[in-house]
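This report refers to the structure that appears directly beneath it.
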Amino acid sequence: MTERVQVGSLQVAKVLYDFVVEEALPGTGVDAETFWAGADKVITELAPKNRDLLAKRDDLQAQIDQWHRDHAGAPIDAAAYKAFLQEIGYLLPTPAEFSVTTANVDTEITSTAGPQLVVPILNARFALNASNARWGSLYDALYGTNAISEENGAEKGSGYNKVRGDKVIAWAREFLDAAAPLASGSHADSTKYVIDGSELKITLADGTVTTLAQPEKFVGYLGAKDAPTSILLLNNGLHAEIQIDASSPIGSTDAAGVKDVVLESAVTTIMDFEDSVAAVDADDKVVGYRNWLGLNRGDLSEEIKKGAKSFTRTLNGDRKYTAVDGSELSLHGRSLLFVRNVGHLMTNPAILDADGNEVPEGILDALITSTCAVHGLSISDANGPLDNSRTGSIYIVKPKQHGPEEVAFTTELFGRVEQVLGLPENTLKVGIMDEERRTTVNLAACIKEAVDRVVFINTGFLDRTGDEIHTSMEAGAMVRKAEMKKQKWIGAYEDWNVDTGLACGLQGKAQIGKGMWAMTELMADMLEQKIGHPKAGANTAWVPSPTGATLHATHYHRVDVFAVQDSLKGKPRASVDDILTIPLAPSTDWTDAEKKEELDNNCQSILGYVVRWIDAGVGCSKVPDIHDVALMEDRATLRISSQLLANWLRHGIVSESDVVSALERMAPVVDRQNEGDAEYRNMAPDFDSNIAFQAAKELILEGAKQPSGYTEPILHRRRREYKAANA
């Protein structure tokens, strides 16, 4: 039984109450009585509005379902369908031209294009690693991944392989030629880097002394001018540091003594309370809130054990250099942090209202994460030496919003939280995830509702695909999952997001972002493909690891995103008609083998993720697929897989017994993939009593009934069931 404290009309879990009063509030200038009185008022007045918005979602979905049932068996009349969506208020008029007015935004958002990490906040080690991933070793990223082939004697091996190391060095030199080319010759032939007055001079193997083709790209150094230990370059707004130490193991093999090239990598990071975590009660939430508080105070630390050794990981300080003019140059040593709150759907038992109902978790997150973030403001006396924002802003990503009314509710909520905390109006900035269909088709109207708060729009094609399937659940059978990325709507959706963001004046004020690279081990493929994101005009895109951030950073050196955006302005490429094209399968005559393959692939993915969510409380996992390729799975990928199978079940492509058979076939596969985990409990053969297996089955068989196809209601209930059974 949860111990609670009565505060006004609220019943607050004691673990949360104590955290807020004893840890989060001290140093903010807000006393406990003021905070809780304000929180009580916000929850009491806004929770009914939250419920009304969810009811509207259900009402619109019911009308869409009925329209498709009424038109079953006939090809969809695109014009009639669009008119219907307008008639019911799903598709709204585009607002008159406007530009956002967001102010006091850090340069990492306004003028620096680069990678963005997304990290589960419940894991302190991951959170620290991500915060410190502002800078990363290019040599390590290349050597330790498949970015460099292991062919021709270049295997990673257990010790240092000079053949592989030389390939890494050659790749890095080619990168330097692209990012900061020489006036003549190549960095590959460099034998010495020195500073002559205020100019970088490079000696080549043939004795030639040259300079940078664009001398202004040299911005700082460390060490003596005639023997620098670091050369700091700036290209497309991102820094790259050539580190020199001829006595080091790597530097001793390099003609110029270069031991590494360190890149500014994860410029921004989202600390996630949503899809990558499993937080179902007050205890879970407080773990995340405490980590978020520690990041903002600058005192989060974690004891790391590697074999017999252990060390304490903390946040990195700022990086100091000598500028070209001889003054001190200080660069931020940590990623600029956003926090992703949950959406509007779920409630959480951490606080009960006057009627004993769980309060909306999104309201809870807004109140508590904002309180913690006050400590990260450089204008606040609450922060430690390591502040987050230097412009006085708190950056909150708000996911899974459906249309402009819901964005308006978020901005109202943020305004109310500012009043509780005594913060200036518009301190709380919002990142709008464009991952629900009603937000996509009304994106300009959504942005307008946050015209003075928006700092970010981002396509989340995973969740967006889940909503695409669920919205048109009754329309017919959808294409197979692997075919979804080839459908007309998805390309239009990606272009529409950039086009709309630019038309609304986001350039120079906010990020226009793209989604996650999920194949964590396939970095060579990422290097080849993910450059498409900056080329599409996105000034940030998601990566799954610090290493991925460093490699993706090279793309922003090769592509001037702001120049790309300039070329795209005023040239809309996408239409709402294309976005409204439902990805129905043109034919459903799949063979039995094809159906089995689709079932097995999706069931294996679902089980692999759900078993760790339910049993271990892990919300983001590297889950091997049926071919043992590691994929980063979170609730968004689960939503697609479960909704696709629910759709096929609804339209008779597969039967309930087919689904159950596939789950029972795949459970031993997942068990085998987890056999190295001593804590893991097998699902097979006792399927009926295994909570995780039953949750996976429910997600598919009941998928058509789930609100917007979301997985949270079933996952939360089943996780609490597991925790109670194993208390």
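Glycine is treated like the rest: Cβ placed from N, Cα and C.
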Which of Glu361, Glu435, Glu436, Glu483 belongs with Arg340, Gly460, Phe461, Leu462, Asp463 in the glyoxylate site listed by Swiss-Prot: Glu435
Shortest C-alpha distance to Phe461 (glyoxylate binding site) - which of the recorded positions Val118, Arg125, Pro544, Cys620, Asp634: Asp634
Those recorded positions of Gly460, Leu462, Asp463, Asp634 having Cα within 10 angstroms of Val118 (acetyl-CoA binding site): none
Close in space, distant in sequence - Ser276 (acetyl-CoA binding site), Cβ under 8 Å, 6 or more apart: Val118, Val119, Pro120, Gly619, Cys620, Asp634, Arg635
Integer Cα-Cα distance in angstrom, Gly460 (glyoxylate binding site) to Arg313 (acetyl-CoA binding site): 31
Inter-residue C-alpha distance, Asp463 (glyoxylate binding site) and Phe126 (acetyl-CoA binding site) (nearest angstrom): 23
Arg313 (acetyl-CoA binding site): nearby binding-site residues from Arg340, Glu435, Leu462, Cα cut-off 10 Å: none
Close in space, distant in sequence - Pro544 (acetyl-CoA binding site), Cβ under 8 Å, 6 or more apart: Leu117, Val118, Met516, Trp517, Ala518, Thr520, Met632
